[in-house]
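Copied over from TrEMBL:
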- 1-13: compositional bias 'Polar residues' (COMPBIAS)
- 24-34: compositional bias 'Basic residues' (COMPBIAS)
- 35-49: compositional bias 'Basic and acidic residues' (COMPBIAS)
- 91-175: domain 'Protein kinase' (DOMAIN)
- 1-74: region 'Disordered' (REGION)
Amino acid sequence: MPDWFNTSPSNPFSGPRATIPVGAHKRKGVKLGRRKADTMPKSKARNDSDDYDSDAPLSQSSDSEDEGIEDYKKGGYHPVNIGETYHAGKYTVLRKLGWGHFSTVWLVINNVDGGYGAMKVQKSAKHYTEAACDEITLLTQIKEGDPSNSKHCVHLLDHFQHTGPNGRHVCMVFE
């Protein structure tokens, strides 16, 4: 595990990649914010204060946090828009959460049960699709192996395929 991954058993929200559970923002004392762009070298020791700006507005964005437009092509990212619905209207996109080399991630609301999730939309090239299928297999095994979530691993809530102008994309919805 990298030396900068500092989590504390007493604080499940610590660490540079900590996840705030759905509904946690409604609990007293939990403050939502957004991460600063990862601009420091990976070799530098890091902690929460280096990586998380709790006072930043949720809608703030910068060029360093943008995936650019060059990969919005066949085999690449799917152009997601706020307000769009996915999976036969089950999910509505509320805002962008982030991006990576393989995918973009979006905050969605489940129109069936009112819950929130993070929808990961994978690039559509064959090797990205294969990687997504492997990820779904692993996450399904984790969920089935720990149904009470006593190990506190992220759970895959749903997955589906979405066809768009750049191909067929595997989509995964996480808690």
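Heads up, the Cβ atoms here are built off N, Cα and C, so glycines get one too.
Model confidence over the domain 'Protein kinase' (91-175) is summarised by a mean pLDDT of 96. Mapped onto DSSP helix, strand and coil, the domain 'Protein kinase' (91-175) counts 20 helix, 41 strand, 24 coil.
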